[in-house]
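According to Swiss-Prot, the Zn(2+) binding site annotation covers 1009, 1012, 1024, 1027, on the basis of experimental evidence. The [4Fe-4S] cluster binding site annotation in Swiss-Prot covers 1056, 1059, 1069, 1074. Marked as phosphoserine by Swiss-Prot on the basis of a large-scale study or a structure entry: 30, 37. The region 'Disordered' annotation in Swiss-Prot covers 1-21. Annotation source Swiss-Prot lists motif 'CysB motif' at 1056-1074. Positions annotated as zinc finger by Swiss-Prot, on the basis of experimental evidence: 1009-1027.
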């Protein structure tokens, strides 16, 4: 809280004729218009008795009830509605949180166990003698009844393939046995056996003959990598076999190898038949699961995730959030700063309401309707009890917002500092300690991010921040910004420096903090449900076959690898271990037909290829297994077009007559499965099942589209530029062929009213102007043209008419906007692509102005109104009337830069100035301020700019942010000259702050007259002698200005109170993603300045 300044009481006499509308009583009070202070009137002009005066309550709760009854926030009302769910739970009774007990008569010889496995990991199970191996894969899961399971799958040996030596004695079993003995002497008895098998390599077509391979089984899974290295580097010396090194095959992790061979996919159901599994004895159990069993891998039954086995078990999902009490000016550090509250919300997958809502608090806390409060005298006790709560509740999924990089590591480090030794054991394995591992995740699709990984065995972790960063491109990823974007609501955002004040207050202020903390725990659960994060990732794990945990920790390639291994297993095919390395090889991308730029006030029909790249791969049989060369063609006497084709870029692939490729088979299955899922989705009525089916069809679509990218990844598991470049080459020829076919058929010469013109084409679509002004006619022609062009290409390539644009503004390649129509009666939306209005690296003002301009031009057809709005915006920028929140630019912080970047320089400055700053992967908000320094040195934190009265660089925002995007929109309509003319500004005066040195050191600063701005003489008041005669008039105007600002500040204050849901307490919110916050700070600053000016009268 800022220090209050006491101003003297002053009585002022005002003539009736000067202020007929005002009362004659004016008094001056002390004021504190800090961000966290209530809008107490400084100049109280009392027009009537109905004027309300607010009294500041500070941080301590008062007995005075200003509003009659305490108002609850919307969130508290939600909690109140849930209250009946907790009627049967006694306060402080953890037993009510436990899972349903197992039947007392449970007998493994009488009951099958079917469970949905949610996590898998390799481990060692002592005391199990199953085919001389103690290595197991542990599957954690949940039954349909909600019982937790740990299933140890035993007996599976890891293996790799090598080509059998090209030697006469390579098939001699005695020689093979000697080689096994040699390997065991070399690798400490790590080899179990060698089996001779017939396989084909996935790489290249050389005929249909299978070749001999050795399948080498190892005793310990980790020995595969050592053995693989020895084979590939030629370190083995036996009968001259492999002395020059050889390629090894099927390089895949042990856990995934078992899942592939057993037909288990991620998040699928497994059945353990009665009599085939054994219960782990109580004294040998290592987990807290209700059922802990072991089974040989040959005896388990894996169910495909379809039909009756597509449902989801009643998974327990726990969302939590913590609050820490930091020191002044320092971001909380676990070595010094306590955890003061932990809020928890627990729900069942598919349920509408959470069945547990509680807060663990340090010190007392007033009750919260619909929630349980567990108060503790010491932090050690709170942390220990929270850990016990986790064990009792036994969540299957732990979610939150930034829990991976902050909450969980902070709790572990804090418990370590306090020596709470039992705390880091809240996973499902009793003796496995939770530990932090720091890493850097980097991929082309997701960028580079610093992350911390904590092993919580048996419990899935789904950090909604990481999920949203992967799946959505937003300007800001704060919980506030994300909630506003997806849920349409804001939340109070209390700065960490204020949290200590609330904690050190009383039980009421701690209650306010608890409600805040509880909402931060509840929002991730709502976001997960809204975005179907758990459902979509479950279906992605099922479709691609990988464990759920891979989806957040790994990139895209492992998903395709898993599908390839599964299909190869079916058809006796092995995959070579390719040495992944960067390559400079490039291939030509998709064709973009040169756009005919302009504004089209006639319908533009858009023809789209349905799943273009997957369709090309299927139609032309493009695959690793079908790739061949000229020598193979000659050796096998293959006939062109019948046995093989030459792609547009010169690569050879055999046709389906010779062999159907694995990739086309996978794609065909994915697309067919998606059609089935979409059909089931249309027929399904149950909302949760609909969500599951929708998640499945999305996962199938994404998986099909990622296969092409997998082949083109030069740094990857199995790159093949012959495939990826052939796909894009076919795509280019198809786009050009479509253009030619449409323009040749739909022309006046063939009896049509107009000559059709393809105005633009990009990757998988072409935009056609048929010439008609009638929208329905254009849509009918588009449908007809799509059917006609589809006949020119091989199945399953299909061109569809999906939409028309009318009107249509074509600016450049990959940049256009238009009204989007799927039926002629009503447009669907205003669609944009590639414009600054949908980009994240420009300020929101650009998006606001462009959207408004496009709306006026395309929807209202009011070009003059659009131009007037642009001129008005330019004027507002020049006169500093644009709210600073609209000028914020946001960019992601990368680890390294060749040249200084504004946001990176600011991040370092913030760390030096405030002790804490953005991390790699975070988005940094900044504005550009005035001055003559280099641009990267003029990036500044928006709040710092407001608080220190620093002026932004108007010219930068006009020329570097707004000018080019707006000109690109209006120039096609009004011409380049007039469009550029709107941004011609002769001069802009920018206040860059005080200057020192040079001539400035001889200049003395003096006060200026509040009316004429002339210099004041010593001893003169706010007005110079020339303006003194107008003192009364000017004073009344100043009073009006102050009153207007007070009224505005009160409205903003009330708006913030309503958002926080508490109209009787201080506004503590510092949400930097909220326009109201910046407006409140700015008005507060202006009000303080006006009050100080008025005090000089």
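Heads up, the Cβ atoms here are built off N, Cα and C, so glycines get one too.
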| query | Where does residue 1009 (Zn(2+) binding site) sit by DSSP, helix, strand or coil? | reply | coil
| task | Give residue numbers and ranges for long-range contacts of the zinc finger (1009-1027): same chain, 6 or more residues beyond its ends, CB-CB under 8 A. | result | 1034, 1038, 1093, 1096-1097
| In the structure shown, which of the binding-site residues 1009, 1027, 1056, 1074 has the fewest Cβ neighbours within 10 Å? | 1027
| Secondary-structure category, per DSSP, in which residue 1069 ([4Fe-4S] cluster binding site) falls | strand
| note | The most crowded of the binding-site residues 1012, 1024, 1059, 1069, judged by neighbouring Cβ atoms within 10 Å of its own Cβ, is 1069
| request: Sort residue 1056 ([4Fe-4S] cluster binding site) into helix, strand or coil using the DSSP assignment. | output: helix
| Env. residues of Zn(2+) site, Cβ within 8 Å of mean position of 1009, 1012, 1024, 1027 Cβ | 1010, 1011, 1013, 1014, 1016, 1023, 1025, 1026, 1028
| message | Using only C-alpha positions, which one of 1009, 1012, 1027 is spatially nearest residue 1069 ([4Fe-4S] cluster binding site)? These are the binding-site residues in the record. | response | 1009
| remark: Cα of residue 1056 ([4Fe-4S] cluster binding site) to Cα of residue 1027 (Zn(2+) binding site), in Å and rounded, measures 41
| Euclidean distance between Cα atoms of residue 1074 ([4Fe-4S] cluster binding site) and residue 1024 (Zn(2+) binding site), Å | 42
| remark: Rounding to whole Å, the Cα atoms of residue 1012 (Zn(2+) binding site) and residue 1059 ([4Fe-4S] cluster binding site) are apart by 42
| task | Rounded to the nearest Å, what's the C-alpha distance separating residue 1027 (Zn(2+) binding site) and residue 1074 ([4Fe-4S] cluster binding site)? Just drop the number here, would you? | result | 42
| field | Cα separation, residue 1009 (Zn(2+) binding site) to residue 1059 ([4Fe-4S] cluster binding site) (Å, whole number) | value | 41
| Taking just the CA atoms, what is the gap between residue 1074 ([4Fe-4S] cluster binding site) and residue 1009 (Zn(2+) binding site) in Å? | 37
